[in-house]
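Everything below concerns the one structure shown next.
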Amino acid sequence: MSNWPYPRIVAHRGGGKLAPENTLASIDVGAKYGHKMIEFDAKLSKDGEIFLLHDDNLERTSNGWGVAGELNWQDLLRVDAGSWYSKMFKGEPLPLLSQVAERCREHGMMANIEIKPTTGTGPLTGKMVALAARELWAGMTPPLLSSFEIDALEAAQQAAPELPRGLLLDEWRDDWRELTARLGCVSIHLNHKLLNKARVMQLKDAGLRILVYTVNKPQRAAELLRWGVDCICTDAIDVIGPNFTAQ
């Protein structure tokens, strides 16, 4: 297998802005638009279940409240993660990573799993997500693991070294070369605003694949692809579709 089997366009948090993020419903919406790869955020419940949620807290994307990682899975099961977005999605639950893997299998979709630890749980979350991903995605294209948290990526590297890893950065770091080498990363995942053509060439010359987020304007997506960016992560999954090209 190539170390980069992934498509050009990735649906951010499953269904971009067209569904409640990080839910099975959002993955179905991404699939409906023909997307072949999704990005989503994974963290641990207090009792060690791996589920999808972006924020530390529940308030923004559910009717729950407080720090999600301080609750047991049975409590998190009661949370409605759909109504905040639309009545159409009322009762949509927080999904387990195992359910997401099954949905990816059904839809033939690849995955970028962002390891999103609750504050202070980086190493444990990195290890648990990597070990689970190895089992759950067996026989499928390996999921691309990424994180802003260095300690989470280190733990993922130790737990499942064969799974591809990407370093996430929201600000440029001059030590990107050393960091990606130490973590054995195949890719670097950057806020697209950090990039110009020269930086893209520099990263590519170092042998890294480049994923950028979150690009919602087709003109910008086309420019980035022309520069040599490998992957565009977008919320505008209807406008920047799975067959989008730089032309």
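Heads up, the Cβ atoms here are built off N, Cα and C, so glycines get one too.
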Of the candidates Glu102, Glu106, Glu114, the one that Swiss-Prot places in the divalent metal cation site of Glu39, Asp41: Glu114
Which of Glu39, Asp41, Glu114, the listed binding-site residues, has fewest other Cβ atoms within 10 Å: Asp41
Listed active-site residues (His12, His54), ranked by Cβ neighbours within 10 Å, top entry: His12
Cα proximity to His54 (active site, proton donor), best match among recorded positions His12, Asp41, Glu114: Asp41
Beyond the site residues Glu39, Asp41, Glu114: chain residues whose C-beta lies within 8 Å of the centroid, for divalent metal cation: Arg13, Asn22, Phe40, Ala42, His54, Asn112, Ile113, Lys116, Ser146
Candidate binding-site residues Glu39, Asp41, Glu114, pick with smallest Cα gap to His12 (active site, proton acceptor): Glu39
Per-residue pLDDT averaged over the domain 'GP-PDE' (7-244), given as an integer: 99
